[in-house]
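Undergrad: Let me begin by handing over the structure; questions about it come next.
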Amino acid sequence: MINKQLIYLLTSRYSFQNGYPSRRRSLVDDARFETIVVKQTKQTVLDEARAKANDSSLECTILQAQEQHQQEDKIPQEVQQTVEDQDNDEEEIRMVAVDELPQKPQEHLPSADDEEKETDAGLTEEEVVLQNAASESPEAEKEVVRAAVVVRLRDGMGSLGRILKAVEAYHGTVVHLESRQSRSEGVLFDVLVKVDMARSNLLQLIRSLRQTQSFGSVSLLSENNVNVKAPWFPKHASELDNCNHLMTKYEPDLDMNHPGFADQVYRARRKEIAEIAFAYRYGDPIPHIDYTETENKTWSAVFARVKELMVKHACSEYIAVFKKLEDEKIFVNERLPQLQEMSDFLRKNTGFTLRPAAGLLTARDFLASLAFRIFQSTQYVRHINSPYHTPEPDCIHELLGHMPLLADPSFAQFSQEIGLASLGASDEEIEKLSTVYWFTVEFGLCKEKDEVKAYGAGLLSAYGELLHAISDKPEHRPFEPASTAVQPYQDQEYQPIYYVAESFEDAKEKFRRWVSTMSRPFEVRFNPHTERVEVLDSVDKLETLVSQLNTEVLHLTNAIAKLKQPFC
């Protein structure tokens, strides 16, 4: 996994008129910056790995492989001869994602033109990823994985025996083998071999096969039937401890236009609360923050304004939960709610919980948490000089904007589905998901009878844009994820376009259909019993899921039958 860089986004001046800034930070903007930085970082890591590989002589690599495996089992003489043969005209084959063997390999395997554009600099990108995975721990190094390897035979099928003996020598098992006539000049056959082998041995196998003149090139295709270039993502909520990368950090310290930049007390307070969030780990109780009189005063000003406007302009689901929060004395005018009491309330209603965050997270990390029904919330408060706006998310925005609807079952389900769709998605798809999130969860509108109501957190916590959004000034479009995902967003003034959902259920159904068109080569689900995300990549997992669904259908059928029975 390539570490993400912390990025500071410069912003222009802020306007406090009508409770909105002249520039707002958002997941969309950060997702775009993140895409650029990840690509740059990835290329840097690859270049460094290749340079490092080139520093070591080929002969040294061969000797290390021989010494390692001669201790376990003597390598057959033919394989040793294969390893000792050297070929300086090696080629690198580009990565091809394979989930299963293609029915028409000739349509998927690289062409000769592709090969001419690439040169083997010691390690291919796929091998760098595999090597990084193997280096995580001794257990990871010895873990048996499934991989597909393409070998191009210059001397015909007579060379196939060398491949099989090499696989045996490195303690691997061939699970599938397929060949076709090659279209590459100087190569007779292309052979696709699927093997089960320890990661470290797999790397040694590939390097060994490349040393014979009988093979035109050797290319690693995939690991565990999933493209090895797919990013790591958390499978359990405890792994969110690794998903706290910030795109903006300690804003008052960095941005001279920030309302708290010149306030040393405020800056120290922000840093103190951020450090508390950085120290948080899965399973810890959410730290209690003793909010100051000034912070509670800021809350009171915003709370009163939101309560005044929501009756007329907020959706009914928001109003209903807001009243419940007041009844339970979580929402009161005189003090800020604690995240722990809000988290307990959400868990009781929809299974969502909260986790403290130090600031605006990367789009990928933030969306990933939603897959586990966890919302990462800040605990710091905006500056008292600008109570109706904040350049980055603060706890007032989270509490008043997001929390009420996270306690609504339908909206909570929609939020989790956005999170599940983000797991393993490409950088470009993360950007699209962030845009959908921007136009729905942050600035979404929905229909209620003949009126348009707000459900977006950015609207419900910024009264100026709320009044603009429900007026006849902007354009109101029906929510369609495919078009919403590529709509440019406005971060310097009010949105000129808002998307209106027919209902939360309609929005969920349209979103599901759109997600099914994404390029991610696997499907995931959240198992509420184990609280883990499962990748549905095997028949056994699918059979287990079908069995669970059959049980649920049986309960539903029985319930319907009992409801139809006449009263005694």
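Every residue, even glycine, has its Cβ placed from backbone N, Cα and C.
Just lifted these from TrEMBL, have a look:
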{"type": "REGION", "residues": "99-122", "note": "region 'Disordered'"}
{"type": "COMPBIAS", "residues": "101-111", "note": "compositional bias 'Basic and acidic residues'"}
{"type": "COMPBIAS", "residues": "112-122", "note": "compositional bias 'Acidic residues'"}
{"type": "DOMAIN", "residues": "218-564", "note": "domain 'Biopterin-dependent aromatic amino acid hydroxylase family profile'"}
{"type": "BINDING", "residues": "H397, H402, E442", "note": "Fe cation binding site"}
Undergrad: Between the binding-site residues H397, H402, where is the Cβ count within 10 Å the lowest?
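TA: So among H397, H402, the binding-site residues given, the one with the fewest Cβ atoms within 10 Å is H397.
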Undergrad: Inside 8 A of the center formed by the CB atoms of H397, H402, E442, which other residues of the chain have their CB, for the recorded Fe cation site?
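TA: Neighbours found: P393, E398, G401, V441, G456, A457, G458, L460, S461.
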Undergrad: On the 0 to 100 pLDDT scale, where does the domain 'Biopterin-dependent aromatic amino acid hydroxylase family profile' (218-564) sit on average?
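TA: Mean per-residue confidence for the domain 'Biopterin-dependent aromatic amino acid hydroxylase family profile' (218-564): 88 out of 100.
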Undergrad: Test of understanding: give the count of other CB atoms lying within 10 angstroms of the CB of E442 (Fe cation binding site).
TA: 26
